[in-house]
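Accompanying notes for the structure given below.
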Amino acid sequence: MKRTPPAPLSVWRTLNLDEFLLGVPHYPEHVDESYWQRDAQRIAAAGFNVVRLGEFAWHLMEPREGVFDFSLFDRAIDVLASEGVKTIFCTPTATPPRWLTASYPEVLRVDERGRTATHGSRQHADTNSPVYRMHSRRITEALARQYAGNPNVIGWQTDNELNTTASTSYSEASEREFRRYLHDRYETIDKLNLAWGGNFWALAYDSFDQITIPRKDNPGFVAPGHMQDYHRFLAHATAAFQHDQVEILRGANPEWFIFHNLGRLEDVDLRGQFGQDLDFLGFDIYPMLYDEMRRAGGHPATQALHLDVCRAYSGNFIVPEQASGFGSQPGFSTMTPEPGEMRRMALSSVARGADGLLFFRWRPAHFGAEIYWMGIIDHDDVPRRRYQEAKQFAEDIDRIKKDLLGTTVRMNVAIAGADFDNQEAYRTYPMGMPSPLEDGMLLHRYCYSKGIACGFIHPEDDLSRIKVLYVPHWVMWKPEWNENVEAFVRNGGTLIVGAMTGTRDENNHIPTDLAPGPGLSKLCGVRVEEFGRVAEPGADGLFGLHGTEFGFHNPAKRLPSSSASRRHRFTLGNREHEAAHLYELLALDDDVEVLGQWSNRFASGRAAVTSRKVGKGRACYVGTYLTEPLVEGLVDHVLGADVQPLVPDLPPAVEVVLREAEDRKLLFLLNCDAEPVEVTSLPAGIDLLSGKPVNGGLALGPYGCAVLRVHL
Ligand code: GAL
């Protein structure tokens, strides 16, 4: 396997390895050593080339402070290597040994209610704590020394899903580090008071040591500047914690690749130092965890959404944990992938950018808090259908990997994403509005269901390959992005800016310029003069939002709400739409074309949707939030030819994605349902999975998959 230095972060970046990493997270410490050789043989026979080891086993590696014992892992690595399987090792800092938390209790997280975490689960140590960082460096140094010369250890995962169980901590150590961070950021307390708006509610401080970690609703709402900086601090501290480990590992062996496996993206700024430190990112993909979430739209659409959101941070990535079967922890359980579905889900990850994939996990645990979380083989040590599917997937990868590596995922419609500050700014002051992601998801889901190449991109990334950029209500639009976005429009792109964009500066202050702020106002030719809230279509005003008001907790006691009758409507083309969440009243420059108009109440006749020609492209503005009908309206009346599906007349359950490089195009067709389907109107090509030529039509069986090498 050859590693080249990673290119700068971009959604168009390809993976810097010349091999597809394929395997399983493996826990040899969970079974008797007599299993090991047989495990290694079967891992190799499945077609896997790698396992991931060690992320929760610090207690075995350092049974007493300063006494290291890597013998179990040395032997496990050797046995795996004897069958040709290499190892990715992990720093084990998600689970400190009990002696550590007993001797250094100050490293434990403290929750918002002041409860100190206890030993017994995981991620209970506070990565902000300098004492914990010291121990993290110690174990990383010992591991780096141990494996620097071992050719069977080919790369590293830092920690495990940092911040997934908890990202906040209210410990004394965290508070001290927060103050230190603020001191470095602002230098003087006056500057901080200005940034946080010290003259509002007497929030001003006399010195940094008076500052506390903000606590929600204790008793009232916290100033957005204070909250934003706490989350900036957490992201900064998370990156610093990882940076210690990366520096040590790179110093020990510069040939190693290093990644992190992300779970919930909480307080991690992936385009900042955190992502820049790594060779590539890893995203753990558990599609069925989100199946029953409100508005999820089914796990195939949600999986696609998560993968596309992730890819925006760094380009191609690996999936260090891909769900293989039923999954549960004591508090929840997921649906179970049906026969063929595990392979389909894995190929969906590959289609949307994964250039490496490990099925979670080799075998399920017999003890602990994940005993029903299934793996590739079963509890009785017998390989059954999941093993066969994993093997089939390995054969698939073998057939496509030469063509696959070096390609990027086509995206014609892009939603602005991957920006830490905007994500947090929304959360500091949401006002009951949807988040940028919740709003953008409506456009993503439309494109997903129609087979339109869609994804997410940061506005400072290379926009030359996309046709449409939708900005979903980014309150903290930064002036330094204007030039890139304007160039995109001048060169023929269509920009659509959503309501509330550019309403705050980096401190969460409302600027004196009208929204969307000087740069975007000029580009779109609009200024927002007034805005107001409207009830969500179908909702009963504030009752719909909170469920309670002034002590009425019982929905049966609801009074008629006046807000429900105060909905604003607008026309776009020949259709009347209901506004969602917000209406805005716009002042327009002379060269702005009005595409949609408010059609009732006092706003009647004023512009709701606008477009301005700029160079070869258009800058459009939408003075409300998306709804499903509005997405259709925008497609019909604004986007038109820019949103052609990759394959026309796509059957409903078929996912289509295009991966491409200059000399080749791979069209992934994935049946996400158990009913067989016929896909028609396909370009001529060869299905790399079956080796058969395709021209026009293709039958896909239950969860059937094809990867066409096509000429488009
Ligand atoms: C991931 C985690 C794994 C395992 C898995 C299944 O979030 O990294 O350690 O817990 O979920 O729950």
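Quick reminder: no glycine exception, Cβ is built from N, Cα and C everywhere.
Residues or ranges marked as domain 'Glycoside hydrolase family 42 N-terminal' in TrEMBL: 27-399. The substrate binding site annotation in TrEMBL covers Arg122, Asn160. Among the features that TrEMBL reports, active site, proton donor is placed at Glu161. Per TrEMBL, active site, nucleophile is recorded for Glu321. Feature annotation from TrEMBL assigns domain 'Beta-galactosidase trimerisation' to 444-640. Positions annotated as domain 'Beta-galactosidase C-terminal' by TrEMBL: 654-709.
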Practice task
Within 10 Å of each Cβ, count the other Cβ atoms, then let me know which of the recorded positions Arg122, Asn160, Glu161, Glu321 comes out lowest.
Solution key: Arg122
Practice task
Give the subset of the recorded positions Arg122, Asn160, Glu161 lying near ligand 1, defined as CB under 6 A from any of its atoms.
Solution key: Asn160, Glu161
Exercise for the section: In whole Å, note down how far the CA of Glu161 (active site, proton donor) lies from the CA of Arg122 (substrate binding site). Expected result: 11
Handout entry: Glu321 (active site, nucleophile) versus the residue listed as 'active site, proton donor' - Cα distance in angstrom
Key = 10
Handout entry: Glu321 (active site, nucleophile) to Asn160 (substrate binding site) - Cα separation in whole Å
Key = 11
